[in-house]
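Pulled from Swiss-Prot:
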type	residues	note
BINDING	Gly40, Glu41, Asn42, Gly43, Ala44, Gly45, Lys46, Ser47	ATP binding site
DOMAIN	8-243	domain 'ABC transporter 1'
DOMAIN	254-499	domain 'ABC transporter 2'
Amino acid sequence: MKDSSNLLEMRNISKEFPGVKALDNVTLKVKKGSVHALMGENGAGKSTLMKCLFGIYHPNSGEIFISGQKVQFKNSKHALDNGVSMVHQELNQVRERNVMDNLWLGRYPKKGLFIDEKKMYDETEKIFKDLDINVNPRDKVSTLSVSQMQMVEIAKAVSYNSKIIVMDEPTSSLTEKEVSHLFKIINKLRKQGISIIYISHKMEEILEISDEVTIMRDGKWIATEKASDLTMDLIIKLMVGRELTDRFPKKDHIPKETTLEVNNLSDAKNELKNVSFKLRKGEILGIAGLVGAKRTETLETLFGLREKGSGDIILHGKKVDNSKPFKAMQNGFALVTEERRQTGIFGKLPIDFNSIIANIDSYKTSTGLLANERISKDTQWVIDSMKVKTPSQKTLIGSLSGGNQQKIVIGKWLLRKPEILLLDEPTRGIDVGAKFEIYQLINELAKEDKGIIMVSSEMPELLGVCDRILVMSNGRVSGIVNANETTQEEIMHLSAKYLSVTGGVNNANQIKEKV
């Protein structure tokens with residue numbers, strides 16, 4: 001007997017791959033017109049379960065019911081045709097085509113033998129109006145922001161008359177304002193009777209938007225609870241199988257003498273304005289700020305990815321030329337970029353290649369071939385020292401969890417023995433258990449006297465991991481505070497300091513450091 005309030009029932013789903021049981025007897029029940037969150041550490045089986053629903057994988061055992069009818073989708077098109085859509089974390093759009101082309105690709109409305117562009121435009125406009133999406137259907141996708149691209153993908157799901165929409169990490173690249181807009185759209189869909197399966201690592205969002213939460217661990221169902229009955233601590237305990245009494249490791253590194261000085265750094269576009277600070281050996285310096293504060297741009301200018309306009313970068317008392325990334329690398333700098341999948345890894349290549357790519361020239365022999373024995377040895381060092389969970393050095397890095405991918409990205413730089421590590425959103429898209437491991441790793445690197453500069457949009461992370469926090473506002477330094485003494489309120493106040501300023505350059509000497 002199927003519960004009529006459940007739009008979707010996935011019963012006793014199991015899925016095996018060679019040597020791995022990815023799903024073990026998992027049951028998921030989703031009510032009509034509800035937001036049902038799916039949580040678990042990376043590798044818990046969330047994506048595999050959704051791929052079984054969406055027809056990408058076929059379960060070895062178990063049954064799927066939609067509106068009481070048993071279904072078994074042959075592929076994703078079959079799922080779409082039957083009202084199941086999926087908005088992937090990695091947006092799959094043809095960037096050089098316009099918005100409405102992307103919405104109706106492969107199923108254009110026809111007028112005789114020709115595409116009915118007017119109908120396509122009108123249908124797109126109607127969906128956008130219903131969802132309060134402010135995008136011109138004729139705009140090229142390449143001109144849209146990440147948030148707008150996400151909204152277009154949701155509109156596409158709605159255009160299939162979907163009853164169930166799976167959203168995989170939909171807010172990973174969105175601002176707070178954009179998240180608020182997304183939640184308004186989700187609430188509209190909920191009122192229309194559409195069920196949302198919402199996958200996210202962001203517990204605050206889960207508790208705000210969800211009706212029910214299902215938690216998975218190691219391919220198994222652990223619990224399904226009303227969101228109103230859950231706390232962050234309970235979610236963490238259910239996800240990792242133990243209590244995390246502290247979200248952050250103890251800061252047991254001791255900053256020493258100054259190793260890096262940045263004086264009046266501006267970029268060639270003058271988006272950075274006279275940025276000045278000091279970094280000590282064995283110190284973790286956070287960079288906080290609102291969207292548009294130019295935090296990433298600061299790291300890119302330090303690393304030579306962005307052209308410097310003026311100012312000095314001084315390492316060990318001597319000016320260094322970081323005008324190009326290869327020069328920055330030679331000077332002992334390393335950059336872990338924000339968008340790991342786009343700029344940090346080669347997803348379709350194995351771990352060993354990704355581990356040595358930042359230092360690949362050093363592995364060439366006199367004959368021009370690669371020294372495979374040394375590559376294997378160094379790759380194993382990365383796997384062991386970073387505590388990477390993988391069956392083999394030859395495993396494709398794209399198949400690993402986000403946390404394990406990030407460990408390899410950091411490890412590849414450590415093979416170069418850098419002195420200054422620039423980390424841009426190092427825990428983005430990583431589950432709570434893996435985050436703790438990354439924090440421990442950063443702490444260990446500080447104990448080895450590395451100077452670390454870390455950009456993060458998560459205020460608790462900056463306060464819990466860093467020694468000091470440099471706050472930026474509109475491309476300027478608005479303050480430098482002691483992480484153990486400051487508050488989120490003070491950081492937010494400093495983040496807004498120069499938002500109304502349109503001209504003039506801030507004098508770095510007027511900035512007070514709280515140390």
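Backbone N, Cα and C define each Cβ position, glycine as well.
Since this is a predicted model, take the numbers as computed values, not measurements.
Distribution of Swiss-Prot features across the structure.
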residue	record	Cβ within 10 Å
Gly40	ATP binding site	27
Glu41	ATP binding site	25
Gly43	ATP binding site	22
Ala44	ATP binding site	25
Gly45	ATP binding site	24
Lys46	ATP binding site	25
Ser47	ATP binding site	22
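Per-residue confidence over the domain 'ABC transporter 2' (254-499) averages 90 (mean pLDDT, predicted model). Lys46 (ATP binding site) falls within a helical segment according to DSSP.
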